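S.K.: Reproduced below are the annotations present in TrEMBL:
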DISULFID  167-244  disulfide bond
DISULFID  188-227  disulfide bond
DISULFID  216-239  disulfide bond
DISULFID  278-317  disulfide bond
DISULFID  356-433  disulfide bond
DISULFID  377-416  disulfide bond
DISULFID  405-428  disulfide bond
DOMAIN    1-80  domain 'Apple'
DOMAIN    84-163  domain 'Kringle'
DOMAIN    166-244  domain 'Kringle'
DOMAIN    256-333  domain 'Kringle'
DOMAIN    355-433  domain 'Kringle'
């Protein structure tokens, strides 16, 4: 593979480091080769400047020193030094844990006291024996270890989590690891904090999403785990979580009927409740969308079958008509049937909630959650992607439930904040009721 595949690239970043070497190279690949061949120190990263074609090999990475913006620079960090977990017995572990499982600080590998080591950087130059970091130079089955600073304990093992618990399956919605930095090296904001960024992703609102400490998580079905950052200029960013090498456990065939919100529905109904045929998930016509099967491998986005990949109220699909998307009528698992188009010739009795509004719509209590241009509404108790003050607590009589369209502030008609970061809010796709013909 490409030599750069072993590096994490970050544009526009410079890092301060004591140990560095300058080289003249033509491109990033040549610079990576200099890093691999570096003998003056352990090369953990390199900086490449496009204008000067300058290459700096570095002994430190962004986890070990300070970073600042530099428009012309590109930082490449060796991924092996960013992983804080061990693969197998951890022979290639290069993390920065420096205390034993009992909490005793490690002795530096190059020092002779309090213990005279058998394993030294000189004798084992490729074992990564730098500083006092836990390592496994002898392939010990129990994993990384170190000589300790306690004269009574020559060595002890370190508590390094296995990478399988630090990796993600699918889109990382079940990721429960302890990575707490974004892919550009920013520290994550704690989920229970509202500084520097206010948000609605709290343990109270998402009790099942394991929003602990400031660990990267994926509570909202994003592409992969993310977090709010502690930088005021960057609201949120994805985290660099390795993908698990093992395949996700197969959960049977999936449900053929509707239970809960139908997120595990894997049936073959491909028609909406109004009779529109569903658009295939792997096509972008007639409607462009981001639910691409390859990007969401565990959502069951096969053919044009109704699915619920985003935690909607029930399964849905994009349609082959001018209507962007609609819910599907799926039979309930408990035996109660929703009307399914085409199941019989008898007219189906469906009790629809009120999907029109009177006056300015301040009394509207329907369940429409789509704007006039087809954007999905942001939940009222969420501050993501838009921070706002129209919360259920501040407007207790406005019925600000889920992400349903409402009119809490006496605007012209029901509206909502959108999940599109580039559009704060929009009026909803609702018609005014005709009071004369209203049933």
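Cβ coordinates come from backbone N, Cα and C, glycine included.
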S.K.: Per-residue pLDDT averaged over the domain 'Kringle' (166-244) comes to what?
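M.R.: Taking every residue of the domain 'Kringle' (166-244) together, the mean pLDDT is 86.
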S.K.: Which of 1-80, 256-333, 355-433 shares the most C-beta pairs under 8 angstroms with the domain 'Kringle' (166-244)?
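M.R.: It is 355-433 that shares the most Cβ pairs under 8 Å with the domain 'Kringle' (166-244).
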S.K.: How many Å separate the Cα atoms of residue 216 (disulfide bond) and residue 416 (disulfide bond)?
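M.R.: Given the Cα positions, residue 216 (disulfide bond) is 28 Å from residue 416 (disulfide bond).
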S.K.: Of 317, 356, 416, 428, 433, which is closest to residue 244 (disulfide bond) if I measure between C-alpha atoms? They're all disulfide-bonded residues.
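M.R.: Of the disulfide-bonded residues 317, 356, 416, 428, 433, 317 has its Cα closest to that of residue 244 (disulfide bond).
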S.K.: Compare the C-alpha of residue 278 (disulfide bond) with the C-alpha of each of the disulfide-bonded residues 167, 227, 416, and give the closest one.
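M.R.: Spatially nearest to residue 278 (disulfide bond) by Cα position is 416.
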S.K.: CA-CA, which of the disulfide-bonded residues 167, 405, 416, 433 lies nearest residue 188 (disulfide bond)?
M.R.: 167
S.K.: Between the Cα atoms of residue 227 (disulfide bond) and residue 239 (disulfide bond), what distance do you get, rounded to the nearest Å?
M.R.: 7
S.K.: For residue 377 (disulfide bond), identify the closest of the disulfide-bonded residues 167, 239, 317, 428, 433, judging by Cα separation.
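M.R.: Going through 167, 239, 317, 428, 433 one by one, the closest to residue 377 (disulfide bond) is 428.
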S.K.: Residue 405 (disulfide bond): which of the disulfide-bonded residues 167, 239, 317, 356, 416, 433 have a C-alpha within 10 angstroms of it?
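M.R.: Those close enough are 416.
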S.K.: Let's see if you can do this one: DSSP helix, strand and coil counts over the domain 'Kringle' (256-333), in that order.
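M.R.: The composition, in the requested order, is 0 helix, 16 strand, 62 coil.
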S.K.: Taking 10 A as the limit, how many CB atoms besides its own sit near the CB of residue 244 (disulfide bond)?
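M.R.: For residue 244 (disulfide bond), the count of other Cβ atoms within 10 Å is 17.
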